[in-house]
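Q: Below you will find the structure I want to go over with you.
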Amino acid sequence: MAAEAGKASEGMVDLEEPKKMTREDWRKKKELEEQRKLGNAPAEVDEEGKDINPHIPQYISSVPWYIDPSKRPTLKHQRPQEENQSKFAPIGDWYKRGVQEKSVNTKYRKGACENCGALTHKKKDCLERPRKVGAKFSGTGIAPDEHQQVQLSMDYDGKRDRWNGYDPDEHMRIVEEYSKVDLAKRTLKAQKLQEELASGKLMDQANSRKHEEAVQDHSSEDEDEDKYVDDFDMPGQNFDSKRRITVRNLRIREDIAKYLRNLDPNSAYYDPKTRAMRENPYSNTGKNPEEVGYAGDNFVRYSGDTISMAQTQLFAWEAYEKGSEVHLQADPTKLELLHQSYKVKKDDFKEKQKETILEKYGGSEHLDAPPRELLLAQTEEYVEYSRHGAVLKGQEKAVAQSKYEEDVLNNNHTCIWGSYWKDGYWGYKCCHSMVKQSYCTGEAGKKVVSNSCTPFEEDVEEAQTSEEPKTLLQMHQEKLKDKKKKKKSKKHRDSDSSDEEDEAKKKEKLKKALSAEEQRLKQVAELMQVDERKRPYNSLMEVREPTEEEMEAFRMKRCRPDDPMASFLGQ
């Protein structure tokens, strides 16, 4: 019995509490750990025969009692547990498509749909037409069971796999289709060559040199494709051989990308996200920015009102340091007016300072001296003239002249051609003539043109739009409409007069309320100056709801401390 009890105890896991270690055992354990860390003693081995790293801390390597009470050295509790891992479908599984439903059963089965007899759904989910006598009672026309698709659980990569469920056999069908098309093209070409050979055209054409080039082009693959397209329509292709449309690329090939202007990696930085190159790419090459077609995008930062806004912001900071409460975003109007007045005063101060210095020391005659070119009668500026005196090259820019003749008056005209415009045509202003190179007719021509502008069609339209005779019914309906209009206009006049009276009464009430509010504010100001102990009490016997006019007067006279312009009300 004792041996059996010992064997049973060996098979069972020791669930006793851990005994307290002695000092000697604790010292030996620590020495063994140090030896293992130094590599002088073999490392611990888990149940799978793998070495346990001795440098792993104890709080990681020790096994909780509720996971493995055997206290064996292991790291299994730190590894992912297989029973808790989610299982995903293999790569070959996918939904079956095109499964044919065949009705094999001829008898009704228990638990099937009472309407059609299929086992995959119930009567309330049946999509067939409700039968007069269901399959449960008739036993005929048993519908086939729907194919139940497999439930696939895909992992992260499987859900995003674009080739998931792809069948390579589908591509083989396309290859077979193109092979059939190629075979048909070859047979057509062979038949056509046989017909030309039988008719004798091929021998005549072979003698000429032009036909040799045509045969070479004819044998090329591109010619075969064009020939096939002319005769057939490719299955699955939307191509019309009767109208061929060629779309040209409208991009200008002469333009240069920003990042290709200077290939030096130390030159201006190109931001590919915003497609911006702020600095000048030709800065290190020594070229003048004015002579270069592109000098960077930094010029946009200084365009518009950027410089004036920066000057205003600088003025606001300087004024704030000197005690003025101004802000560019909070008080833009006030800051702008203050800045303008500062500029005017600054200019006046400079002028006065200049005048006082000239009055004190003199020398105003030197400021009014003629230019240096007139004094020395020579300059270092290069100017090139033509034989006719026109400026070709130099400081003064030559005026561009038109290639057409200007201010040419011919055929007695006093105005040039194009000085008059009417109804989409150009003409002469002097005689209103629309014919170029015509002779001027003066005021007589203007009268003729003005008289000829009265069309005959207007008289015809007026004759056509003459009033037709009206019936008695139409006349009666028009009278009723006139009466209704008169009644409406009379009511509208009465309502307008009443509205004007109401507005006048409201204005009078508002004036009275404003005067009463002013008196109340004066009384409040007087009471606030009196000592608190001497102020009278407020009686609640006369409390009533204020009228609309009194509320409006209170709002108009109320002082708002948060109003930025409140400080200017007393000025």
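Any Cβ shown, glycine's included, is placed from N, Cα and C.
Annotations per Swiss-Prot:
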REGION    1-91  region 'Disordered'
COMPBIAS  16-37  compositional bias 'Basic and acidic residues'
ZN_FING   111-128  zinc finger
REGION    199-235  region 'Disordered'
COMPBIAS  207-219  compositional bias 'Basic and acidic residues'
COMPBIAS  220-233  compositional bias 'Acidic residues'
REGION    462-571  region 'Disordered'
COMPBIAS  482-492  compositional bias 'Basic residues'
COMPBIAS  514-523  compositional bias 'Basic and acidic residues'
COMPBIAS  542-563  compositional bias 'Basic and acidic residues'
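I would like each feature placed in context: is it buried or exposed, what are its neighbours, and how far apart are things?
A: Note: the region 'Disordered' (1-91) comprises 36 helix, 2 strand, 53 coil (DSSP; helix = H, G, I, strand = E, B).
As a whole-number mean, the pLDDT of the zinc finger (111-128) in this prediction is 94.
Sorting each residue of the compositional bias 'Basic and acidic residues' (542-563) by its DSSP state yields 10 helix, 0 strand, 12 coil.
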Q: By a Cβ-Cβ criterion of under 8 Å, what residues six or more beyond either terminus of the compositional bias 'Basic and acidic residues' (16-37) are in contact with it?
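A: Beyond its ends, the compositional bias 'Basic and acidic residues' (16-37) has Cβ neighbours at 43-44, 54-55, 71.
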Q: Count up the helix, strand and coil residues in the compositional bias 'Basic and acidic residues' (514-523) according to DSSP, in that order.
A: 10 helix, 0 strand, 0 coil
Q: Tally the residues of the compositional bias 'Basic residues' (482-492) by DSSP class, grouping H, G and I as helix, E and B as strand, and everything else as coil.
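A: Looking at the compositional bias 'Basic residues' (482-492) with DSSP, the answer is 11 helix, 0 strand, 0 coil.
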Q: So, by DSSP, how many helix, strand and coil residues make up the zinc finger (111-128)?
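A: The zinc finger (111-128) comes out at 0 helix, 0 strand, 18 coil.
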